[in-house]
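Heads up: the structure comes next, in structure tokens.
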Amino acid sequence: MEVHEALELCRDIAHRIREAIDSLSTKDAGTEMYMGADGTPTKRIDDVAERTALEVISESGHPMRVVSEECGEISLGGSDITLVLDPIDGTTNAIRGLPSYTVSMALTQRDLSQVWFGYVYELSCGREYHAAAGRGAYLGKKRLHVSHTSELSESTLGLYGFAQSPRVMCTLARTCKGIRMAGCASLELCHVASGAIDGFVDLRGKLRMTDVAAGALLVREAGGMITDERARQLAGDVNVGTRLRIVSACAPLHGQLMKRIAEVGV
């Protein structure tokens, strides 16, 4: 599959999902359907979005393995391509009428470290972020670059994990200039890639590969860094069971964040 084909497929999936969920009432959207493969309850909006995505993929004629939060893993024809899908990232926001929710998609062979295309689509407004390995990251046609803010004291951060790692998170919160929280990991990584926020730290240990696969490529292609809490590359066979902690920012700020995390401890 070529990059232009990947972009076209992801756009088709995103637009069809947007159409499919627009007809759901708030009550219907939040109805619990079943327990998803990732171990969390699947709401109707998640189910409708995932079913729509799988329909589009089947219609496209592109064979691939799909790893998604609701169904887990499904093979749609023999292929060495894996689509890492979060049909609705920010489900709670979507159900409550908050605008920060996306469909997030990434293409790889099998490993999280080998993602070569990423696509995040804001379902509330139609903004699309996309990146291809070695070709940069974009918001629509606009080339993205991470913030140049290198000092922790001047940074605006997305911070998650106060309950799980209170000492280090409170240290970061006291030191940084401001905190912004969208409640949607894929979108917050897009915000890091675009420079809208300077960094994103999530130490809850709850993020899935499906949450971050696309956004991680966007950050790297925008000149930023993204690692786990021990500064290790995000890697591993793509699945919905693995949980992650992540730290993302431009290189100088990432170094400062890692230093504070190491000093205080997770």
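Cβ atoms are placed via backbone N, Cα and C, with glycine included.
What TrEMBL lists as Mg(2+) binding site is E69, D86, I88, D89, D211.
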For D89 (Mg(2+) binding site), nearby residues of its own chain (Cβ under 8 Å, 6 or more apart in sequence): Y101, T102, V103, S104, C184, A185, S186, L187, T210, D211
Where D89 (Mg(2+) binding site) sits in the secondary structure, as DSSP reduces it to three classes: strand
Please list residues from the chain of D86 (Mg(2+) binding site) whose Cβ is under 8 angstroms from its Cβ, counting only those at least six apart in sequence. S68, E69, T102, V103, S104, M105, S186, R208, T210, D211
Give me the long-range Cβ neighbours of I88 (Mg(2+) binding site): same chain, 6+ apart, Cβ under 8 Å, in sequence order. I17, I21, K43, I45, D46, A49, A94, Y101, T102, V103, L123
Could you name the residues, excluding E69, D86, I88, D89, D211, of the same chain that surround the Mg(2+) site, i.e. Cβ within 8 Å of the Cβ centre of those residues, in sequence order? L85, P87, G90, T91, T102, V103, S104, S186, R208, T210
Where E69 (Mg(2+) binding site) falls in three-state DSSP terms: coil
Determine, from DSSP, whether D211 (Mg(2+) binding site) sits in helix, strand or coil. helix
